[in-house]
Amino acid sequence: MATTQVEIQRPIANFSPSLWGDQFIKNDSGAKAAEKHCKAVEELKKEVMNMITAAESNLVEAMNLIDTLERLGISYHFEKEIDQKLNHFFSLNTDYSDESYDLYTVSLHFRLFRQHGHRISSDIFGRWIDESGKFKEGLKTDGKGLLSLYEASYLRTRGETILDDALEFATATLNSIAPHLESPLSKQVVHALIQPLHYGNPRIEAHNFISIYEENQDKNEFLLKFAKLDYNLLQMLHKEELHEVSRWWKELDLVSKLPYARDRVVECFFWAMGVYHEPQYSRARIMLTKTITMTSIIDDTYDAYGVIEELDIFTEAIERWNIEEMDRLPEYVKPFYKALLELYEQFEEELAEEGRSYAAHYAIESLKELVRSYHVEAKWFIQGYLPPFEEYLKNALITCTYCYHTTTSLLGVESAVEEDFQWLAKKPKMLVAGLLICRVIDDIATYEVEKERGQSATGIESYMRDNNATIEEAVAKFFEIATDAWKDINEECLMPSPYSRDVLMRILNLERIIDVTYKGNEDGYTQPEKVLKPHIIALFVDPIKM
């Protein structure tokens with residue numbers, strides 16, 4: 001290139017190094033311990049199956065058991081049995097106006113039915129509304145019931161004002177009474193106010209609930225033992241997978257070749273594990289981790305290093321998807337381009353063996369779309385152009401990366417058929433809602449840092465200019481957009497649905513990762529020390545004490 005390296009002014013971001021070094025490459029497989037745990041879990045599974053069968057005739061008892069299994073993180077062993085139970089119970093059309101069903105029970109049943117796609121009406125909460133249309137004052141002493149109502153309200157859809165009111169009432173009251181509640185309820189309330197169950201990462205929530213359940217006087221020691229064993233067994237599997245992707249990442253050696261990019265392979269695996277933690281998704285987790293890691297480098301190349309002449313060429317090279325394009329590329333990005341094409345060659349070979357090579361095609365096309373949108377953003381930055389909010393959002397829904405990551409989350413899922421990829425390519429309502437959440441929450445968390453780096457074409461800036469709004473008003477509007485998008489996701493997860501529940505759950509879980517990663521308006525991916533490090537240690541380093 002005519003321009004020398006010295007003359008190039010690059011938008012360097014100076015990202016912090018990895019927190020983990022080679023920690024996960026030095027992995028003790030723990031094969032003997034895993035085998036021992038496996039046998040114990042299989043024995044305990046039989047006993048739990050008996051418990052599920054025994055609770056057949058008692059609605060309240062059975063629903064409490066299902067909730068406990070789900071919160072302890074062991075319900076995936078009994079998905080078929082739980083779905084059968086819930087289908088049966090929902091068909092009973094229980095009269096929840098009966099005084100024998102208290103607020104805790106009604107809220108719990110509502111949440112469980114909604115979580116599993118059943119269209120139970122929010123009108124069942126009407127009996128707790130007074131003549132002025134407010135929730136009754138007497139509920140303020142019912143901490144357990146209010147917590148159950150609070151968690152249920154996060155399953156609301158658009159137009160359910162009774163649940164909007166329920167969330168406001170329960171949140172305010174729980175904040176007020178939390179210091180006066182006894183443990184473990186107080187701990188559960190404090191945690192829920194920070195991290196609502198429906199928005200949380202299932203493994204993190206299971207880890208937290210196991211410690212809370214252990215304090216419960218009414219706990220079932222048998223279930224507690226099962227949950228701990230299973231948690232540690234899954235952790236062993238996840239550590240093996242993390243070892244594999246960490247070794248792959250180290251062998252690529254892109255950290256030394258592209259020192260400007262974020263070194264976040266462990267955090268990328270954390271994201272993939274949040275999308276699916278169950279054993280049968282092992283290959284899918286590894287494939288998704290690799291695609292997220294590579295996307296992170298592309299993002300940083302456009303956002304934090306490349307100049308427009310280089311990015312023009314790189315965008316064309318991705319569009320043409322041909323190894324011969326390497327000769328045209330800037331030297332620094334050649335190793336990455338080669339590694340990216342080779343990764344997808346491996347994917348295609350593996351998927352072709354099971355007749356699913358089309359999955360790689362859809363992923364590549366989605367990546368091309370992402371890169372085109374990154375290129376648009378880069379040109380805005382270079383030109384100092386601040387687009388109208390509508391124009392910004394159209395492009396930014398793609399650069400949030402979730403279009404691409406939802407597609408690549410299905411690469412290793414054998415049950416995902418071509419129709420699923422075609423559905424995602426059409427940008428259905430469920431996916432768009434997910435993209436909105438990812439975009440606006442990311443924009444809130446990264447606004448100040450991007451502003452410091454001279455990024456003018458941000459969503460917050462665009463919205464403020466278009467609407468003559470303050471930063472506080474813009475942030476409030478973005479949270480409102482996210483809240484409405486969550487309502488749309490909840491609606492789209494309800495039955496009947498023509499779409500695969502397996503695919504819907506991938507989108508839902510991707511949004512949960514956003515809620516966790518950007519908790520407290522922090523960018524936990526770029527700066528993982530505060531937000532993600534404690535979770536990663538709990539999930540992949542320290543086993544639960546038996």
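First residue shown is number 1, and so on along the chain.
Each Cβ is built from the backbone N, Cα and C atoms, and glycine gets one as well.
Small disclaimer: the values here were computed from a predicted structure and weren't measured.
According to Swiss-Prot, the protein carries these features:
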- D299, D303: Mg(2+) 1 binding site (BINDING)
- D299, D303: Mg(2+) 2 binding site (BINDING)
- 299-303: motif 'DDXXD motif' (MOTIF)
- D442, T446, E450: Mg(2+) 3 binding site (BINDING)
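Known features from Swiss-Prot, placed on the structure.
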| residue | record | Cβ contacts under 8 Å, 6 or more apart |
| --- | --- | --- |
| D299 | Mg(2+) 1 binding site | Y374, T401 |
| D442 | Mg(2+) 3 binding site | C400, I514, Y518, D523 |
| T446 | Mg(2+) 3 binding site | T458, D523, T526 |
| E450 | Mg(2+) 3 binding site | T458 |
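Mapped onto DSSP helix, strand and coil, the motif 'DDXXD motif' (299-303) counts 5 helix, 0 strand, 0 coil.
Same-chain residues with CB within 8 A of the center of the D442, T446, E450 CB atoms, the Mg(2+) 3 site residues themselves not counted, are D443, I444, A445, Y447, V449, T458, D523.
Other Cβ atoms within 10 Å of the Cβ of D303 (Mg(2+) 1 binding site), summed over all protein chains shown, number 20. According to DSSP, T446 (Mg(2+) 3 binding site) sits within a helical segment.
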